[in-house]
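> If you scroll down you'll find the structure; I have some questions about it.
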Amino acid sequence: MIAIARLRLSPPQVILISFLLMILIGACLLTLPIASQNGQSIGFLDALFTATSANCVTGLIVVNTMSHWSWFGKLVIITLIQLGGIGFMTVTTGFLLLTRQRIGLRDRSTIQAAFSQNSIGGTGHLVRRVLRYTAVIEGTGAILLTLVFLAAGNDLWRSIRYGIFHAISAFCNAGFDIIGDNSLVAFQTNWPLNLILMALIILGGLGFTVIAELAQLRHPSPLGFKRRIQHLSLHTKLVLVTTTALLVFGTVIFLLLEWDNTKSMGRLAPQNKVLTGMFESVTLRTAGFDSLNQANLTDYSKLIGSTLMFIGGSPASTAGGIKTISLAVLIIAVRSALRGEQHLVVFKRKIALANLQKALAIAGTLTILTLLTILVLHFSEANNSFRPSILDLIFETTSAVGTVGVTTGLTPHLSVIGKCVIALCMFIGRLSPITVAVALSGRLRNQSAVDYPEAEINVG
């Protein structure tokens, strides 16, 4: 598979093919009888759906991960999650660096595309940092989670398994768990577990470039801490501000809407309601862990949750959705239009028109994909025994497009068409519609040498 990048393919094509191959190999492994606890093959479609969900770090499942899959099946799933989270090309490039082999220009271009970098310079350094930060964050999370599961009464071996699996799943924003039928509902009021998982989810959703820049703050510098914060890149500032705003907004809204809902958090103590509201705001953005039953949310909460899932995490992260940067750029564009400003300016920096065009393209294509998927599901699931409402379809679709992984209970009951459509949404949501479109078109189009005259049109 390392030879993929050696073919005469564009970086987006390499990324698309590497994900497809990982999913197909994972699906084949999951169809093996050894992958299931009952020793029987699950069938290729369900195996393909699970492999897609794992490799695209989503978390939507058609069978219970803990009770259905054997140790081999769980190992395949967590491997797909890890490779899908940091990227297959990152792992293979890391192997080349470890064996002191030369990284070719095509490999560097692929890494650049995978992590949304503007330059292929320093690719080796970038890969080393990604692998190092992943190992440190997941390793620390695994140790802390192991201690939490030990304190909860589990034996050492089970606590270690749980700690490693959920640390990887949380940092990669996958949402897979091996605790039980009700995900993390049993640990709804466990503050250490919830806080550790939230920290891992948020770090995974920030993006590796942001993590790398924040990590530099720990090094000594003649500049004061405040000055160093001011000197952060515009990308990092926008990610941090938008992420914080969304987390606070989500927490407050969920607390307002669910505070007295006895089916969700209404029966909890006030401090535990705050914890559950925070966790819901975090997990619905990117991860997909359940600390409460999503089917019991109010309709307004489901709509807010669908909106947060559609937004997703940040560029160069393990999350899906339109991304926080796209949202920020669109908001800045609206503000500039209302003020009659010609340029998009924030933090004393001007945002390039190309960034606005890309944000509009991502938001527009994902909106169209979401609407078309809801329409298809409306017909394909019309006779479904689950009898999904339109809100269930919206929730399921945005969960797939945003690679989140929460559900109101529809996923295991999806028809064949429904599973195929949702799997496609997870795939496009993980790679981004632009990457998929460019990969399928065959090549990146260069800027036209022809400069056409400008014309005025009436808008609004």
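Cβ coordinates come from backbone N, Cα and C, glycine included.
Marked as transmembrane segment by TrEMBL: 14-35, 75-98, 130-152, 195-217, 238-257, 318-338, 359-379, 416-440.
Describe each of these features in terms of where it is and what it packs against.
Long-range contacts of the transmembrane segment (195-217) within the same chain, counting only residues at least 6 positions beyond its ends with a Cβ under 8 Å from a Cβ of the stretch, are 85, 115-117, 126, 129-130, 133, 137-138, 141, 144-145, 148, 166-167, 170-173, 184, 225, 228-229, 232-233, 235-236, 239-240, 243, 247, 278-279, 282-283, 285-287, 289, 312-319.
Remote same-chain residues near the transmembrane segment (238-257) are listed as 202, 205-207, 210, 232, 273-274, 277-278, 280-282, 284-285, 297-298, 300-301, 304, 308, 311, 313-315, 324-325, 327-329, 346-347 (criterion: CB distance under 8 Å, separation of at least six residues from the stretch ends).
Within the chain carrying the transmembrane segment (318-338), a Cβ under 8 angstroms from the stretch's Cβ atoms is held by residues 56-58, 84-86, 171-174, 204-205, 235, 238-239, 241-243, 246, 285-286, 309-312, 344-346, 351, 355-356, 358-360, 362-363, 366, 401-404, 426, 429-430, all 6 or more beyond its ends.
Proximity of distant same-chain residues to the transmembrane segment (359-379), defined by a Cβ-Cβ separation under 8 Å and at least 6 residues beyond the stretch ends, is recorded for 310, 321-323, 325-327, 329-330, 333, 388, 390, 393-394, 396-398, 400-401, 417-418, 421-422, 425, 428-429, 432-434, 437.
If one looks beyond the transmembrane segment (416-440) by at least 6 residues along the same chain, the residues whose Cβ comes under 8 Å of a Cβ in the stretch are 10, 12-13, 15-16, 19, 23, 45-46, 48-49, 52-53, 55-58, 60, 62, 84, 113, 312, 320-321, 358, 361-362, 365-366, 369-370, 373, 376-377, 380-381, 384, 396-397, 400-403.
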